[in-house]
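Trainee: I have a structure I would like to understand better, so I am pasting it below and will then ask my questions one at a time.
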Amino acid sequence: MNWQGWAEIALTLGLALALGWPLGIFMSRVWNGETTWLDPVVKPVERAFYAASGVDPRKSQTWLGYGASLIAFNLAGFLLLYAMLRMQGVLPLNPQGFSGVSPDLAFNTAVSFVTNTNWQSYGGETTMSHFTQMVGLTVQNFVSAATGAAIAAALARAFAGNRLIGIGNFWADLIRTTLYVLLPLSIVLAIALMGMGVVQSLQASVTATTLEGASQTISVAPTASQLAIKQLGINGGGIFNANSAHPFENPTPLSNLVTAVAINVLGWAAFFAFGRTAIARKDIRALATAAIVILAAGAAIIYVSEAQPAPALVAAGIENPVNMEGKETRFGLASSAAWAAQTTGASNGSVNGMLDSFSPLGGGMTMLLMMLGEILPGGVGSGIAIMVVMAVLAVFVAGLMVGRTPEYLGKKIEAREIQFAMVALLIVPLSTLGWAALTVAVPGGLASLFNPGAHGLSELLYAFTSATANNGSAFGGISANVPWWNGALGMAMLMGRFVPIVAVLAIAGSIAAKPKLAPSAGTLPTSGTLFVGLLIGIIIILGALQYFPALALGPVVEHFQVLEALAK
Amino acid sequence: MTTMDFYAEGNRPRRLAESFSPAMLGRALGEAFIKLNPQKLLGNPVILATELVAALATISAAVNVANGEGGGFAVAVALWLWATVLFANFAESIAEGRGKAAADSLRATRTTTKAKLIVDEKQGLIVPTPAHELGLNQVILVEAGDVIPVDGEIIEGVASVNEAAITGESAPVIRESGGDRSAVTGGTTVVSDWIKVRVTAQPGSTFLDRMIAMVEGADRRKTPNEIALAVLLAGLTLIFLIAAVTLLAFAAYSGIALDPVVLGALFVCLIPTTIGGLLSAVGIAGMDRLLKVNVLATSGRAVEAAGDVDTLLLDKTGTITFGNRMATEVVPVSGVRDEVALRAAIMASLGDETPEGRSIIELGRNTGIAAEAPVGGTVIPFSATTRLSGLDADGKSWRKGSVDAVLKLIGRPETELPAQFRQAVDRIARSGGTPLAVTEGGNLVGVIHLKDVVKPGVAARFAELRKMGLRTVMITGDNPVTAAAIAAEAGVDDFLAEATPEDKLRLIREEQGKGRLVAMCGDGANDAPALAQADVGVAMQTGAQAAREAGNMVDLDSDPTKVIEIVEVGKQMLITRGALTTFSIANDVAKYFAIIPALFMTVLPQLGALNVMGLSSPESAILSAVIFNALVIVALIPLALRGVKYRAVGAGALLSRNLLIYGLGGHVAPFIGIKIIDMILVALGLT
């Protein structure tokens with residue numbers, strides 16, 4: 001640990017938050033259908049989409065209509081991607097000559113990219129053709145992020161409105177977020193990344209002559225174009241197996257900083273956009289404060305934990321040992337700590353280190369950050385949406401203590417909201433713990449684990465936590481490309497994605513229809529330090545407590561076992 | 001003597017809700033066992049889940065004992081799980097008990113005497129008829145000493161009625177035909193004179209019957225917030241069920257065979273049994289606290305709404321100012337002698353049965369001028385719509401009423417008024433008094449000065465309400481200048497002057513349109529629409545039958561200031577519910593530290609590091625957590641019934657205070673409690 005390390009963590013986290021603010025204002029204008037400075041270029045394209053699809057962007061949908069459109073669009077996206085993966089062998093842009101993907105891997109991968117998870121049971125450069133990467137996976141990187149943004153836009157409108165029937169138009173939200181926010185930013189970032197040395201090539205590979213004079217074949221791919229949206233859309237699926245630890249995907253400290261900031265920037269932007277659209281900037285700023293506090297604490301714990309000497313090195317009698325195992329050796333420990341916290345707090349599956357080799361507490365922390373519901377700041381829009389659900393629960397539990405029935409942003413919180421908030425909350429442990437427990441129970445389920453004991457349990461828990469949270473990062477230490485794991489992880493991703501989405505939309509529908517109440521001196525203040533503290537408490541108690549028994553058998557006991565080994 | 005004076009002398013009437021008695025506790029304990037019937041627990045998923053686990057633990061313990069494997073620990077855990085369910089049931093029974101006792105005392109006053117049914121009005125033919133055979137709109141005679149058999153409306157006569165059976169107040173009240181004091185209630189007793197009463201309620205649906213049903217909580221339904229909270233608690237129960245069941249697999253992976261009794265104990269400790277067990281008790285106690293201040297709520301929903309009220313509509317008279325305005329002088333216009341003006345004022349007031357009207361006659365009597373209505377004259381009674389009263393007799397007409405109403409009547413624009421008249425009106429109005437114009441034969445003759453005194457302490461009370469986030473709006477029939485003077489003195493936020501019942505209704509709708517909840521109280525039949533429209537409508541027991549039916553609360557003391565207490569009771573109930581929920585959920589952290597190491601320590605001794613409380617053994621740790629979990633319900637019953645004190649300090653300060661006590665306290669208390677129980681178990685040699 002040194003001050004440079006702390007400064008690097010603070011810079012990456014702070015830069016993303018600071019840039020999220022102006023971007024959020026822009027995003028809110030896009031959600032609200034206001035004019036933007038991109039209109040001269042983008043508006044004609046947007047109109048062309050509406051004309052071609054026959055969508056009337058001004059026609060507000062009920063939550064059921066909105067939800068049905070969303071599900072239909074995602075289902076179509078899944079079927080298309082599944083077909084593309086299966087038929088990869090006969091499709092163009094396949095210089096490597098990869099054949100079609102197996103049914104279980106195709107299911108897992110299609111679900112993974114449609115759900116904004118980007119869990120990869122495969123190695124990109126050895127499995128996927130350029131066509132699949134560009135037309136299949138990258139397209140889903142855009143529209144899955146836009147889907148998440150859409151639910152936040154709908155929920156924000158619901159809170160802003162007074163006795164509304166509709167919550168907006170899904171197609172308009174999808175098209176506008178993609179065209180005005182995701183595409184322009186990705187184009188700029190991709191070009192910048194190419195300038196930093198990120199590969200962008202349609203060739204299969206290049207051949208290099210090594211210092212020893214041997215010939216080496218190195219895979220290349222259209223990386224920069226996918227890398228930009230991989231981070232900005234908070235997806236995380238690397239074009240290469242080594243993800244952002246690969247020098248072609250993350251060549252320099254500058255590219256590391258830029259892509260690390262990109263992991264969180266649109267998550268924060270969605271927070272601020274929500275605040276502006278819902279006409280509740282102060283209240284949403286409190287949510288952002290709670291999120292950054294937990295995220296910073298998580299990053300700090302990981303950094304401190306990873307900075308401890310590895311027990312094996314201590315045992316070997318090495319002086320001042322630095323535990324660099326699993327870290328990004330080019331960029332250092334702090335960079336890996338910040339990256340690990342940022343990605344797990346934000347449902348981004350990219351890695352620049354190997355989490356499996358992290359210390360038990362550091363690795364456990366990344367798991368915990370995901371278990372909290374991917375709200376720190378989470379995916380584009382999906383993060384703030386679930387954060388608002390947590391705020392609703394916080395208001396409901398403690399808000400009664402001011403002597404009024406709970407209300408949030410001027411809307412009464414009643415049985416229907418709580419019902420769906422609980423559905424969104426409950427599905428996460430059901431899927432995470434349920435699939436992990438089933439994997440223990442099914443014959444051969446554990447055969448994929450590389451490690452026994454507590455560490456093996458961490459690997460198992462991490463996989464299903466990552467899938468359910470739609471994070472997509474892998475702890476490692478498992479061979480997941482087998483039918484059971486591909487299937488179970490795919491199911492976990494679906495449950496973790498669409499159940500909360502439907503729940504959030506149902507809440508939006510119910511909230512929209514309610515009258516907007518005027519605040520008074522007796523209304524629970526939902527901005528300010530007190531509420532931030534309350535919210536953090538509720539996030540930890542309602543979001544994490546249910547995992548403690550399982551975690552106790554994984555990272556927690558492993559930590560004490562390591563301490564015990566050290567003491568000997 | 002007004003009701004207020006009566007209280008001021010310290011004679012608070014008998015309360016419907018009595019405090020606990022040993023008999024009541026015994027009955028509650030018995031009912032706790034009856035409520036073990038799982039069907040009765042269907043509405044309470046947390047306690048139902050606890051009961052199921054208790055049953056499973058019992059079977060498991062029995063198997064252990066039968067197999068001769070000892071099993072003392074399993075038996076102890078099972079017993080304490082049953083105790084948890086019983087304590088929760090006991091809390092509910094004891095809350096219900098107070099209402100039941102009140103209902104019993106009411107039931108005792110239900111009459112069985114025969115009613116005197118008038119079958120022929122002209123001949124005065126009376127047939128004794130059992131009360132339960134009376135039909136709607138039949139007319140009965142009730143004489144001194146008789147108990148009024150059913151609810152009805154007086155169509156003839158005046159009587160003093162002892163309403164102690166309903167209100168607890170023994171001072172008789174006057175009931176008379178016509179106006180807002182014509183309603184009588186079954187079960188009350190006529191003390192003097194006689195009345196003819198038209199039956200307005202079917203037997204079985206009388207006010208007394210409904211009151212018994214209300215206090216008994218017979219048709220108690222969950223309030224919206226209770227339903228939402230029950231959903232949250234059910235959701236948490238499911239979440240911890242998932243955590244407990246999947247733990248079997250993870251423990252098996254780690255080479256630990258979990259004892260089902262222990263797993264059940266973990267599950268019960270984590271689910272929110274504290275609030276689950278006390279939730280309905282809190283709701284019943286809220287209704288009960290209202291009963292204690294002699295207010296009957298028709299539903300728990302109304303009590304909840306009371307806590308949410310943003311705007312309080314208060315009638316000026318009786319609430320903000322002392323009872324009635326009194327006439328203190330009659331200022332003549334120039335050219336009119338004093339006594340002519342005074343006599344005109346008296347003549348015009350003969351048709352005004354309001355206290356103000358009577359005070360004018362009283363003023364005349366004190367100055368030696370008494371007036372009788374001339375035979376054959378037409379009395380024009382005072383009405384709130386015209387804001388006038390008067391008399392037409394011997395070809396002459398007298399009118400008196402609010403200045404603008406009178407001016408409208410005689411068709412004189414304000415600019416043409418005599419200067420002296422205008423000055424008098426202004427002077428009276430500026431002083432906070434009420435000027436009334438008097439005319440004789442269509443000419444202005446004088447101005448009556450009605451004086452109004454603001455009650456002491458009212459301003460401080462309103463400042464407190466403002467801190468609670470409540471806006472107060474004073475409703476008055478006075479002109480805007482008068483209203484403004486009193487509003488300023490009393491410190492209300494706003495006022496509605498020259499208010500007609502329609503204005504009141506419109507104001508309520510406007511406030512509601514702005515997203516505010518409105519409370520008001522009223523007693524007149526013309527208040528009924530506003531009472532029905534308001535979110536909390538408090539009708540006075542002495543008021544018109546229509547008002548009592550329209551409101552969702554009835555104040556048995558007929559004290560218009562009561563609405564403030566009602567709001568406080570509503571807030572208190574919500575705070576108590578929130579405090580117990582927060583406490584209950586916060587408890588989980590300590591329970592983890594007790595149970596998690598205990599579950600796994602035998603195989604994974606390293607987890608002993610989590611045993612921060614230093615509990616003596618895994619068995620003692622689990623048992624201590626289960627015992628704490630059960631006892632905390634009992635310990636919190638008094639708080640649930642009494643309620644967390646409400647302080648008018650603003651929402652932010654209130655939240656930080658309660659979060660500190662129930663949030664932080666909820667984290668800390670179980671650490672201490674579990675440790676103490678563990679020490680006791682060790683001292684007793686039980687582990």
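Each Cβ is built from the backbone N, Cα and C atoms, and glycine gets one as well.
So TrEMBL lists these for the protein:
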type	residues	note
TRANSMEM	A:6-26	transmembrane segment
TRANSMEM	A:63-85	transmembrane segment
TRANSMEM	A:139-159	transmembrane segment
TRANSMEM	A:179-199	transmembrane segment
TRANSMEM	A:254-274	transmembrane segment
TRANSMEM	A:286-304	transmembrane segment
TRANSMEM	A:375-400	transmembrane segment
TRANSMEM	A:420-442	transmembrane segment
TRANSMEM	A:484-508	transmembrane segment
TRANSMEM	A:529-548	transmembrane segment
Trainee: With a Cβ cut-off under 8 Å, give me the same-chain residues at least six positions beyond the ends of the transmembrane segment (A:484-508) that come close to it.
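Mentor: Long-range Cβ neighbours of the transmembrane segment (A:484-508): 63, 66-67, 70-71, 74, 104-105, 107-108, 111-112, 115-117, 119, 121, 147, 151, 154-155, 157-158, 167, 382, 385-386, 389, 392, 416-417, 420-421, 423-424, 427-428, 430-432, 435, 438-439, 442, 444-445, 448, 463-464, 467-470, 478.
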Trainee: Among A:6-26, A:139-159, A:179-199, A:254-274, A:286-304, which stretch has the highest count of C-beta pairs below 8 Å with the transmembrane segment (A:375-400)?
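Mentor: Top-ranked stretch among A:6-26, A:139-159, A:179-199, A:254-274, A:286-304: A:139-159.
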Trainee: Mind checking which residues of the chain, 6+ beyond the ends of the transmembrane segment (A:139-159), have their Cβ under 8 Å from one of its Cβ atoms?
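Mentor: Long-range Cβ neighbours of the transmembrane segment (A:139-159): 27-28, 31, 63, 66, 70, 73-74, 77, 81, 113-116, 118, 167-168, 170, 173-175, 177-178, 181-183, 186, 226, 229-230, 232-235, 237, 266, 270, 273-274, 277-280, 379-385, 388, 408-411, 501, 504-505, 507-509, 511-512.
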Trainee: Out of A:63-85, A:254-274, A:286-304, A:529-548, what stretch is closest in contact terms to the transmembrane segment (A:6-26), meaning most Cβ pairs under 8 angstroms?
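Mentor: Ranked by Cβ pairs under 8 Å, first place goes to A:254-274.
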Trainee: Mind checking which residues reach the transmembrane segment (A:286-304)? Cβ under 8 Å, same chain, six or more beyond either end.
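Mentor: Sequence-remote neighbours of the transmembrane segment (A:286-304) are 1, 5-6, 9-10, 13, 17, 268, 271-272, 333-334, 337-338, 340-342, 344-345, 358, 361-362, 365-366, 368-369, 372, 375-377, 383-384, 387-388, 391, 526-528, 531-532, 535-536, 539-540.
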Trainee: Below 8 angstroms Cβ to Cβ, which residues of this chain, lying six or more residues outside the transmembrane segment (A:63-85), approach it?
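Mentor: 91, 100-101, 105-107, 109-111, 113-114, 131-132, 135-137, 139-140, 143-144, 147, 150-151, 154, 166-171, 174, 498, 501-502, 505-506, 508-510, 512.
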